[in-house]
């Protein structure tokens with residue numbers, strides 16, 4: 001009979017929620033105030049997800065362009081969680097701003113109203129990003145993650161679709177907090193979160209005592225896909241195959257070391273599909289099309305993010321201090337620098 005898995009706790013911000021009043025994290029007791037959706041005129045559909053439909057809209061009281069996320073029938077508890085988290089994070093660095101919570105007067109369907117971001121589809125955008133652009137946007141995303149983690153919240157669905165980028169304005173926002181959750185040490189969480197290609201090994205081996213470091217794996221997957229121009233970087237056909245794809249890069253011996261450390265029992269199905277794989281060098285993924293985006297610092301950062309052992313991954317704050325970001329920090333610390341001009345490289349061209 002397999003024994004219980006070993007306990008684990010976040011290396012940072014572990015006690016944030018226990019130091020706050022219950023009202024901060026007890027989302028089930030939260031009572032959102034719902035305004036009237038009639039103030040918002042839907043303009044066009046932007047997309048749909050598992051839990052919502054998203055529209056561009058106009059606030060007819062002030063002509064402001066907004067995004068309205070109409071929530072599909074889902075447990076009230078989940079809606080309360082998303083609203084409470086968005087309210088707690090309001091005003092945070094690079095976090096999408098919740099403007100209003102409204103209900104359709106007839107159907108009573110709840111909807112969330114957000115600031116509008118003129119996003120470029122990542123499949124097009126990632127093809128044109130320069131080395132500096134990648135460093136810049138990854139740094140901006142880390143600011144958002146360090147902010148939410150410092151507030152005791154794990155995003156749990158970091159992926160390109162949830163990172164809005166207005167490339168003209170060099171503006172990034174982390175969106176879709178529908179899977180986000182409050183971190184409490186030793187709590188066991190649902191592993192059915194995040195999107196397949198961005199799921200950390202802890203989710204794939206059914207280890208429930210995870211923490212903020214889950215988001216750092218997902219960010220590592222994004223970084224890998226950007227610098228190597230391979231989208232997605234780990235391309236599994238299903239959740240089982242996803243771990244196999246990871247093992248083919250990080251190695252099977254290293255995986256077994258991770259499982260042993262945390263007393264994790266692997267699903268027997270893996271016996272048939274995992275095989276034996278050596279750890280690959282990150283340099284193996286460099287080719288003529290991506291060489292200009294890869295540097296020793298990029299590979300070093302990547303190596304410190306894509307670790308099986310969630311406790312070994314860099315935290316968001318540690319990642320921001322990595323040499324890979326020195327050029328960005330240098331630019332952002334320049335007084336009165338026009339970041340948009342600098343980062344587009346126009347100054348160099350003059």
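Backbone N, Cα and C define each Cβ position, glycine as well.
In Swiss-Prot this protein carries:
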| type | residues | note |
| --- | --- | --- |
| ACT_SITE | 157 | active site, proton acceptor |
| BINDING | 46, 47, 48, 49, 50, 51, 52, 53, 54, 69 | ATP binding site |
| DOMAIN | 40-325 | domain 'Protein kinase' |
| MOD_RES | 13 | phosphotyrosine |
| MOD_RES | 18 | phosphoserine |
| MOD_RES | 21 | phosphoserine |
| MOD_RES | 97 | N6-acetyllysine |
| MOD_RES | 288 | phosphoserine |
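Residue pairs drawn from 46, 47, 48, 49, 50, 51, 52, 53, 54, 69, the listed ATP binders, are separated by up to 14 Å at the Cα level.
Within the same chain, residues at least six positions away from residue 46 (ATP binding site) with a Cβ under 8 Å of its Cβ are 54, 55, 56, 67.
Highlighted in sequence order, 70, 72 have their Cβ within 8 Å of the centre of the Cβ atoms of 46, 47, 48, 49, 50, 51, 52, 53, 54, 69, the residues recorded for ATP, and are not part of that set. Around residue 157 (active site, proton acceptor), a 10 Å sphere centred on its CB holds 22 further CB atoms from the protein chains shown.
A distance of 32 Å separates the Cα atom of residue 50 (ATP binding site) from that of residue 21 (phosphoserine).
Taking CA atoms as the reference points, the residue listed as 'phosphotyrosine' and residue 21 (phosphoserine) are 16 Å apart.
For residue 52 (ATP binding site), the nearest neighbour among the recorded positions 18, 97, 157, judged by Cα separation, is 157.
If you measure from the Cα atom of residue 18 (phosphoserine) to that of residue 288 (phosphoserine), you get 50 Å.
Between the CA atoms of residue 21 (phosphoserine) and residue 288 (phosphoserine) there is a gap of 54 Å, rounded to the nearest whole number. Less than 8 angstroms from the CB of residue 48 (ATP binding site) sit 54, each of them six or more residues away in the same chain. Straight-line distance linking the Cα atoms of residue 157 (active site, proton acceptor) and residue 288 (phosphoserine), rounded to a whole number, equals 31 Å.
You'll find the Cα of residue 288 (phosphoserine) roughly 40 Å from the Cα of residue 97 (N6-acetyllysine). On its own chain, residue 97 (N6-acetyllysine) has 90, 91, 114, 115 as residues at least 6 apart in sequence with a Cβ closer than 8 Å to its own Cβ. On the 0 to 100 pLDDT scale, the domain 'Protein kinase' (40-325) averages 98 in the predicted structure.
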